[in-house]
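> Starting off with a structure, shown below.
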Amino acid sequence: MIQRLIPLNRKASNFTQILEKGTSLLHYSSITEAKLSYKERLRNGIVDIKVNDAIDLFESMIQSRPLPTPIDFNRLCSAVARTKQYDLVLGFCKGMELNGIEHDMYTMTIMINCYCRKKKLLFAFSVLGRAWKLGYEPDTITFSTLVNGFCLEGRVSEAVALVDRMVEMKQRPDLVTVSTLINGLCLKGRVSEALVLIDRMVEYGFQPDEVTYGPVLNRLCKSGNSALALDLFRKMEERNIKASVVQYSIVIDSLCKDGSFDDALSLFNEMEMKGIKADVVTYSSLIGGLCNDGKWDDGAKMLREMIGRNIIPDVVTFSALIDVFVKEGKLLEAKELYNEMITRGIAPDTITYNSLIDGFCKENCLHEANQMFDLMVSKGCEPDIVTYSILINSYCKAKRVDDGMRLFREISSKGLIPNTITYNTLVLGFCQSGKLNAAKELFQEMVSRGVPPSVVTYGILLDGLCDNGELNKALEIFEKMQKSRMTLGIGIYNIIIHGMCNASKVDDAWSLFCSLSDKGVKPDVVTYNVMIGGLCKKGSLSEADMLFRKMKEDGCTPDDFTYNILIRAHLGGSGLISSVELIEEMKVCGFSADSSTIKMVIDMLSDRRLDKSFLDMLS
């Protein structure tokens, strides 16, 4: 077969090597002999041509005398390219060249397209260079193909530059070129440039269509700019562009997520009036949005309307609703929805099961959560890392850290990789159970496995070390964190300052507190409370009062903890008048005495250090 493709004055091995490198021609055998001439076969149409038929036709054309024109070969190559057999096309082009059939600009554009589709832009530009060298002038189609090639490789800036070059060369970009570039810009998040390009399209004399606007709307909605998306939607209307149900659904979903339900419902009613029928995605977005906003009856009504219109809710619809019910603490309704989807023959997916397992765990129904987990596995639905993390977290909260650890070890055997959240959950569980060594070992395992600890991970470990009397170890880690130039929020500093105060190192805590402004970190109410508490514990009541005043001057509003700490400190220091003043100020601010303050007052009443009227003042 290969021999028949080779001109008499060439060696078989050369062409065979080319075909082996550029195509998979040699893998096809048993090619049937053509009964029709190549002209008849081309005339009869070669849409969706099969590989073997294409090779057979190419052989027939090569054997014909006189040889077919480049136009005939281009028709074949173009048809094969549409079937995405790019290597085969390039092999045909090489075969043409070997048989003395010159490539014209159309042939070379086909080759450029194939190389672009294969993400081999260097080869594409090599063909373009050859075209220029042969005196051919690339047309809009050639340039559009290269623009698409740049976009496929994510090289959008170069695609933009090429379009600008086209304009300079008096080659006007066509609608496909500009739409391709707009899509590429949107994929890179460069929406503002895409919008400018749409306006430029009008200058080029093109009318943008729904395909042009689609990527821009999608990107705006994904980035949470639903207001801008709605504005663009209105602009489409002004330009008499009819939006599709997909585009309506995208904008409606974005508006629902932003809480703009009135706008979402208005758009929904608008599409209905225009005769555009809502689909399962449209309804799912609206139902989920209404339920998220607590409008359960409206959501249920829309679900009934959806079913009444024979738009069957899919697993995505049910899963979204179940998740909303679980988050709102409506586990009973979530279970009813689950039963409904089973009745309708809709198989739950991992997201569905995860939501229900999470719901059971939040209600402290660990037994039911495990039953749902077992059911999930029995139905052939594989648990993911989220499933395991939910259960591990629930075990840890129930003080069953060892069970959580057993489940954690099961993760690896299932081929799953624990993430930062999974490790954080277990490290916290061990710390809260007082199993500090286990927490430290797990932290080291996390690091050795290449799972990067987050600031939250470090915070959990530092807090555990401080609470269990290992301040020095906590300070070692804290120092390493500072040297690593990790961005430390006020939460980390609060843990260390609190640990220092608990270890009676109030002066060290004060030094760290005073250095916060130099580090560009602003103290919050917790920082002030911890520091005021430390000063009170040390007996430095005047310094605590000064810090309380500074706290208010700096615009940090005291909370009930602040007042209760100071009230107890003043009562313990025989500062009855100042205690009364603080109580009155606290009540004006809408706070009340906590259990520790009330207990202290009752104790002082019992040994007659306070009058009963003081207790009445607290109420």
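The backbone N, Cα and C atoms fix where each Cβ goes, and this holds for glycine too.
Dumping what Swiss-Prot says about this protein:
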TRANSIT   1-28  transit peptide
REPEAT    69-103  repeat 'PPR 1'
REPEAT    104-138  repeat 'PPR 2'
REPEAT    139-173  repeat 'PPR 3'
REPEAT    174-208  repeat 'PPR 4'
REPEAT    209-243  repeat 'PPR 5'
REPEAT    244-278  repeat 'PPR 6'
REPEAT    314-348  repeat 'PPR 8'
REPEAT    349-383  repeat 'PPR 9'
REPEAT    384-418  repeat 'PPR 10'
REPEAT    419-453  repeat 'PPR 11'
REPEAT    489-523  repeat 'PPR 13'
REPEAT    559-593  repeat 'PPR 15'
> Taking a Cβ cut-off under 8 Å, which residues six or more beyond the ends of the repeat 'PPR 10' (384-418) line up next to it in the same chain?
350, 353-354, 357-358, 361, 364, 366, 369-370, 373, 376, 425-426, 428-430, 432-433, 435, 438, 449, 451
> Counting each residue once, how many in the repeat 'PPR 2' (104-138) are helix, strand and coil under DSSP?
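Tallying H, G and I as helix, E and B as strand, the rest coil: 26 helix, 0 strand, 9 coil.
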> Per DSSP, what is the helix/strand/coil residue tally across the repeat 'PPR 13' (489-523)?
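Grouping H, G, I as helix and E, B as strand yields 22 helix, 0 strand, 13 coil.
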> Sort out the residues at least 6 away from either end of the repeat 'PPR 4' (174-208), same chain, that have Cβ-Cβ distances under 8 Å to it, and list them.
140-141, 143-144, 147-148, 150-151, 154, 156, 159-160, 163, 166, 215-216, 218-220, 223, 225, 232, 239, 241
